[in-house]
Amino acid sequence: MRKGLRATAARCGLGLGYLLQMLVLPALALLSASGTGSAAQDDDFFHELPETFPSDPPEPLPHFLIEPEEAYIVKNKPVNLYCKASPATQIYFKCNSEWVHQKDHVVDERVDETSGLIVREVSIEISRQQVEELFGPEDYWCQCVAWSSAGTTKSRKAYVRIAYLRKTFEQEPLGKEVSLEQEVLLQCRPPEGIPMAEVEWLKNEDIIDPVEDRNFYITIDHNLIIKQARLSDTANYTCVAKNIVAKRKSTTATVIVYVNGGWSTWAEWSVCNSRCGRGYQKRTRTCTNPAPLNGGAFCEGQSVQKIACTTLCPVDGRWTSWSKWSTCGTECTHWRRRECTAPAPKNGGKDCDGLVLQSKNCTDGLCMQAAPDSDDVALYVGIVIAVTVCLAITVVVALFVYRKNHRDFESNIIDSSALNGGFQPVNIKAARQDLLAVPPDLTSAAAMYRGPVYALHDVSDKIPMTNSPILDPLPNLKIKVYNSSGAVTPQDDLAEFSSKLSPQMTQSLLENEALNLKNQSLARQTDPSCTAFGTFNSLGGHLIIPNSGVSLLIPAGAIPQGRVYEMYVTVHRKENMRPPMEDSQTLLTPVVSCGPPGALLTRPVILTLHHCADPNTEDWKIQLKNQAVQGQWEDVVVVGEENFTTPCYIQLDAEACHILTENLSTYALVGQSTTKAAAKRLKLAIFGPLCCSSLEYSIRVYCLDDTQDALKEVLQLERQMGGQLLEEPKALHFKGSIHNLRLSIHDITHSLWKSKLLAKYQEIPFYHIWSGSQRNLHCTFTLERLSLNTVELVCKLCVRQVEGEGQIFQLNCTVSEEPTGIDLPLLDPASTITTVTGPSAFSIPLPIRQKLCSSLDAPQTRGHDWRMLAHKLNLDRYLNYFATKSSPTGVILDLWEAQNFPDGNLSMLAAVLEEMGRHETVVSLAAEGQY
């Protein structure tokens, strides 16, 4: 009997003690109520049972081995839902909160050989009629509930839907005719269906695989992009949508890639068609470079050009009449001549035939012959000997003079070399022997430059209007020359020393120093206020340069999992780091580097810079430039002219631009005015000395680009110089109208002060401001007080562009002889945080962000997806950039984070999602601080 109980317990998955409590104890109660005889009969049975039962370990909750999965009813075919759990005494299905009848369950039960626990598997069948009979907003769903002695466990919900696929596409592709290498976009929105249809594209009935042909790209919302149209891309394209129910094809869109014809080069001019007189010449070209294809336009213009020509007629030469016979000569002949000039041959005409000279005997053969005289021969021999002797004497004298001069020349060279310490030989007199402190080493010498190099500007380039300089004078250039023996030339000023050195040597020194400055590592900035460093992993973070408007957002997931990068962002203030500017171009942002260069990124980082361009982009052509490894500046993208191949995206806000890039490099934003209405913002800041013990008092008016970093640099400079801010800085719109900036001072109390300005105003040339290449550009007004007792200064400063806008500053300051503390309120001392890492760097919590991406990345039939989010956030200028990313919503939210850093306006984001019909309550809770 005990064996039977154990077998029953094993089959049911129950412990022996539990089974005995359930079966034996009630039997004992019944037996005790019967007679004693019956009790005596069963004594043997109870004597066989132990007095106490061992306690089995507690049974675990049921664990689902198989949970029901979502299913689709195709046509009228029912679907089966399966569920398996262990240990489980019972499993039932609950559909739409109602229990499914026991008879509708198909149960399979077995014992796991390893654990000895009961494994129960249940299935039910769902018909189309059951699903259609459900009323309400929620889809038909079912879930399993499993029991054991320890309790119950519920499975996940499995939704059962009726599968279908509409016949009509919501948007079908349209045929296009495009030129060669143009980007092509074919749009397709598949029919509504459950489950959502998968989309593929056919090219002439062949499936397009973007992996095999990288010229094709299929976006996340099913559009087909041909990056650069080729002749082979001329074809019929079809959008195919399919799911488990059906397969639909859109109408065919024909893409024709045409080639406009181009002229070949002109052939050579033909010869004039007239051999005598007026005619014409012609040259031809053909429309074959390239020839028009697929309906491309034929070449415009003429294929033949003709010009008039005149060919001079040939003139044959004719003889003039014979001249008279000459007198009879010693040889008893006389002659006569004629010329071929009546007319002379011209333009290819024939020359005259015959003799030019004609001679004949003039004595009729009676001429006398004389023998040569011996005296004449002796005379000729004497002359030859005399000439030979003279030539020999001349050669000897010349050789002697040459050797003497050659020895003197070598001596001069040695002396010159000694004076110059091994430099190029120059002619220096003996009176200048005091130039060297010790005798130089003539065997080895070298030149070394010590000290800073400054650009040499002509005085005529400055603003010639007052004795108060607009720009502070540059320090003198000092150069030392060292030789191998340690002798040093005295420190002369630039003009004197340049006269001793050759121009080539001076230029070489300057160029070498500039090259050394250029090759310095970008990450080793000496000024920590211009650089931010940080260590980041896949959680991302933020790098901020305080008070500069420059930051770098590293989104979560941008750095590959398992990698750690030492990243930096730095502002370059040296002029040799700025890109070259053309006439109408201007620098709109500081030059900023981010690194490390070449780092592998899996999604774009966002570099934020303050810019000084007026928001009206129609007057601007704004382009992003980056500096290559060789130091050359290259164009990256023009705002408004992006295409599929552009590596960066620029979001231009009113005061900042956000650069989305996967390439860490050196960047700058350059603007080119397309109209004279284009304007850039200037920041006008006025400074004066913190203390003044003399009669003169200088006021400096800075005209800066309206960026935080430009003002920060001037504030730091003035703090070092002991200056103070006299008035709150003001902005000025400076138009590209080629008009100068005019500065003037008014309403001075003449009984206390007098201006040393000779003219009524000062002007800064237009191009000095517009190019943006001159840092810390300022103008100085020097006032003189008539007495040291005068401590109050009241005046007005007017700064305006000629025929443009202006600003007026009302100054009312106290002149102190004792220095006081420098107060620069525009530099926020609390802004010392440069690095924020991990989730704390972002406003949107990571779980909420993941939910938003999963719900908005997939295209929706009503458009309530990432495209509408971009439109609501005003980030929809070029949606194709986001469409090429694996998670468009994630990139849009990254850009929103960069725009709203550091505050983060989550309530605004929640309101946008509410307008889209996305009731993201978690975002609302986070906006209210309840997350």
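Backbone N, Cα and C define each Cβ position, glycine as well.
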The residue that Swiss-Prot pairs with C276 in a disulfide, chosen from C239, C313, C328, C332, is C313
From the list C95, C239, C272, Swiss-Prot names as the disulphide partner of C188 the residue C239
Among C83, C95, C142, Swiss-Prot lists the disulphide partner of C144 as C83
Between the ranges 257-275, 371-389, 694-712, Swiss-Prot assigns region 'Interaction with DCC' to 694-712
Among the candidates C340, C367, the one bonded to C352 through a disulphide according to Swiss-Prot is C340
From C299, C309, C328, the residue that Swiss-Prot pairs with C362 through a disulfide is C328
Cα of C239 (disulfide bond) to Cα of C142 (disulfide bond), in Å and rounded, measures 36
For C144 (disulfide bond), the close recorded positions (Cα within 10 Å) drawn from C95, N236, C287, C313, N361 turn out to be C95
Secondary structure of the domain 'Ig-like' (62-159) by DSSP, residue by residue, totals 8 helix, 53 strand, 37 coil
Counting other C-beta atoms within 10 angstroms, the emptiest spot among the disulfide-bonded residues C95, C188, C239, C272 is C272
According to DSSP, C309 (disulfide bond) sits in strand
For the disulfide-bonded residues listed (C83, C142, C328, C340), most other Cβ atoms within 10 Å of the Cβ sits at C83
Most Cβ neighbours within 10 Å, among the disulfide-bonded residues C144, C309, C362, goes to C144
Same-chain residues at least 6 positions away from N236 (N-linked glycosylation site) with a Cβ under 8 Å from its Cβ, in sequence order, are K203, N204, T252, A253, T254, V255
